[in-house]
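Trainee: Here it is, the structure, as structure tokens.
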Amino acid sequence: MAVEVVQETLQQAASSSSTTVLGFSPMLTTLVGTLVAMALYEYWRRNSREYRMVANIPSPPELPILGQAHVAAGLSNAEILAVGLGYLNKYGETMKAWLGNVLLVFLTNPSDIELILSGHQHLTKAEEYRYFKPWFGDGLLISNGHHWRHHRKMIAPTFHQSILKSFVPTFVDHSKAVVARMGLEAGKSFDVHDYMSQTTVDILLSTAMGVKKLPEGNKSFEYAQAVVDMCDIIHKRQVKLLYRLDSIYKFTKLREKGDRMMNIILGMTSKVVKDRKENFQEESRAIVEEISTPVASTPASKKEGLRDDLDDIDENDVGAKRRLALLDAMVEMAKNPDIEWNEKDIMDEVNTIMFEGHDTTSAGSSFALCMMGIHKDIQAKVFAEQKAIFGDNMLRDCTFADTMEMKYLERVILETLRLYPPVPLIARRLDYDLKLASGPYTVPKGTTVIVLQYCVHRRPDIYPNPTKFDPDNFLPERMANRHYYSFIPFSAGPRSCVGRKYAMLKLKVLLSTIVRNYIVHSTDTEADFKLQADIILKLENGFNVSLEKRQYATVA
């Protein structure tokens, strides 16, 4: 089509001029040359191997040169998400799109997703993650190859269960502190995400980073807000064609704002690392645990597909183990000449874990509170479970043993993560051609494959009544009958979230403390939610709740 248009343009230009080509005006010559170049490029693109290989994959209508890149022009993050979901509903579980010459293939079938996530063939993160490079460097989220494998191996043990148990009192202290701060909002509607965001930053600083004295004033909230703004900027760069080009982006006001946000973010983490190195006393921070026999592992079954190195570390340790939390472990490794670890590695991983460990759980906890505010019957069941655990002393500190009894609260958290996964998609670059399991499609090497957790979690063939908030979706008997890649809020396989157990424990302690202190109300319904996915799934119109103080009888 594009070739025919150019031919017609050339014929019109030739017939309207009695001069030779040498007589064309410079403007006309430039126009004709540009059109010819564009036509040749489009002809080459449509005859390329990758274009022909994916010709049978459904897609929205595309424009020459641009593909579907024009679709995002002028739209907000919430509008982009809505349009994208609309296309997926129309074109089915597998869809392709072109951002210029960049091929994207979207997957929502668990059998296809298993091919991407379960093995070691397609571990390379997509090109779209390069916009995180100034922030995360070569941290776990975006690194590849030997560097990623080495860092994963060294960092995973810092999230061992014995370390997590030691964090519970700190989780409790910060949960009680945010309960007190939120008391000032009691009786009125407010955005709870602001409180969750600051609290999760403080918890990370006090636990994984080992900070003794938290930043004064609103520094934690300032950092959290800078992270939100930086995610918005990176998302714009990923979906807006012109912002993808460094040569254009560097001259924009968006880049100026990004520089300001990065100064705030790196200023905080640099200070954290500097403080920890200056005050590092390894023996006072170490946890020594004697394990005589390994923890009994789950019998091999199809659920084995979702196991990862975190399970192996927890279950197979024997003997005396000396453990350090994340930043302390990295400081010690950097001092050891026999370990491949340096100062840049420390900064890269601190920036990565600070982002992954706070923004995701602040969104998850905020969504959970909103859902309990909307579904009062479910909140009542959560409270009843808390009553059964805490008895007549409902305001005592939570323990690790208590969290193990919170089966219904855990199901509420999992159901929240099903409907509103904080990370709504995963992007990988194929290292080999891939034949999909769900249909007659072969995706070529080099393609950016996007796994859409948000859509997988709402498939009606997997979750009957998929938009209903139903914690019983995570009863063991229901889970046993589902494909094990049909629920992947923490990803799965070798590149699963290294902090998933940390996140679940933190969410249990935080939500338990809030629910035991307050009745959560919401004037919004799920129909009022305006979802936006700027890296992390959030609500454009805020996580609005109100709180009512619970009253307990005092013992005379």
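Glycine is treated like the rest: Cβ placed from N, Cα and C.
Below, the features straight out of Swiss-Prot:
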- Glu356, Cys497: heme binding site (BINDING)
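If you look at the structure here, what lies around each of the features I listed?
Mentor: Following the DSSP three-state reduction, the secondary structure of Cys497 (heme binding site) is coil. Annotation for Cys497 (heme binding site): same-chain Cβ neighbours under 8 Å, separated by at least 6 residues, are Glu356, Phe490, Ser491, Ala503.
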Trainee: What count of other C-beta atoms do you get within 10 angstroms of the C-beta of Glu356 (heme binding site), across all chains shown?
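Mentor: Other Cβ atoms found within 10 Å: 22.
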